[in-house]
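Below: the structure, in structure tokens.
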């Protein structure tokens, strides 16, 4: 018999919702991994007390009960898999997999049994339905009646909100059956009650999501966020992961708490709780427990009196109470030496942290993507400039995340990181040896040496250096492809003003010259003024005085750094909004001070403009005189040329028709560029030299006659 059994597309029932995932049964126990959250439930074989096989809505289901009273339900099995599971339970867990069918009589009168975390309503020996008491959010009593209220399930279209039980009166000695029923429910229910004092309190912590400053009260079973407007109670059972991330400025720290299910405020869901700390903040903390209780409960992880940085104290207390590891950035280092990359996601700027087992983006909106749910990644050219690029991630569920405006210098570091983690890169396609080596039930950090990967790293670095050199030498941005090493030949477009510069268009033009020379001359005439139009436009004089700034702009330039220091990590748009609010709230006396400065700047500008206008007039006068002198010289040169042309014309008129046909060229064949006048002069001189001998021979012939 096999040592392990694996099942895909299995559904686990948790708080009324069915979570898709994978189930593995081994000698050591049962492991279920949630496909959506990546959370792993591990049940040791020694903890299993009972296994039940039954027919459910999604085919057949398996119910496992542990010795400490916990119940786990897995649905989605086929009927034919019962024998295989039954034999496996007998061989490895020494348990008999019992078959129990649900009662479908439709009766509403029966017996309630409490077993561990489960309330079972039975008719005879068959259960009708079962309620996990961890789903109960409130329990209220009335006369002969008990009402159970349940947590709302956001993933389900229809949620069961309450169930009422009628409890008949009994004549037992001094025991109220209604109160006994309610006490059994409340002892196992997930009801948050702030009974007793908090273990410790952190005052006025800066929270980015949900935004604001909150007092955090730490209770044994839940976390209480108390703000000016809203309060949130977060059970520790809903905490998935903890992250401690250094800010890029090396002066602040993010502490991120991943939640499932999320905390709710109206229609808004917060899947992440993000706290921002300054590294300089210190605190001395005293737990509201005696030393014996602290030692017994936390086993040395916490002490009654602690002191240190604020972020260290918060993370240490949360780690001890939630009993989960804190994830920190791994070996990745960006171009600037930071462990994160500055980028934008959904029009908001933030930081992307490449971790050992995934990516996390903070902070608006926060995104956590595990490596085992990534289908492929893609490096794309930036939409507005080639100085940056986009990093795209697509998950196996088809969700796409695009992190844009990443500096080009970060490309090599990120490319090497993705290669080392054996993620599929869409630009390159799937190659052999690039398949992910992740365990389906636990992440693996083991990287095997791959010669292909090493070669791709070296080629990527060389291509990046060549691309940087070419971009620096050009002096301007080009619309080249982002993929390194791929260069296209520059071919002028059909409607480009410089289209005649390309070889193909030049060949085509020469063919047209032979066939339709007149049409070619007309096109050249039309293009002449188009080339001269940009030259006629006057640019702005760099020597002209700059316009004075308004009072608001003078104040903003002086106050910008102060606003940034008061609001660390503020974006440009938020800074502008904040500055507008501060200016609007400023008193009239303070505004008058900046108005006076603006008035002084305006006077200085007017004075400088007067001096500039006097100097520019004198310069324009000198320019006009030089233009007139130049025109006069051109007229003189033109007059001499006309005389010379007249003498050559008179001499050429005496030549015979044969010599004229050999040397004369039509104007349609004369080029219309700037060198055409020089060529025509050369041709005229050749005509004159060729035509001068024949008249002398004619004269001699006529003399002989």
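Glycine is treated like the rest: Cβ placed from N, Cα and C.
Taken straight from TrEMBL:
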DNA_BIND  545-613  DNA-binding region
COMPBIAS  474-496  compositional bias 'Acidic residues'
COMPBIAS  517-531  compositional bias 'Basic residues'
COMPBIAS  532-544  compositional bias 'Basic and acidic residues'
COMPBIAS  624-633  compositional bias 'Basic residues'
COMPBIAS  634-645  compositional bias 'Basic and acidic residues'
DOMAIN    545-613  domain 'HMG box'
REGION    458-551  region 'Disordered'
REGION    609-705  region 'Disordered'
Residue counts in helix (H, G, I), strand (E, B) and coil for the domain 'HMG box' (545-613), per DSSP?
56 helix, 0 strand, 13 coil
Any idea what the model's mean pLDDT is for the domain 'HMG box' (545-613)?
87
Where DSSP helix means H, G or I and strand means E or B, what are the helix, strand and coil counts for the compositional bias 'Basic residues' (624-633)?
10 helix, 0 strand, 0 coil
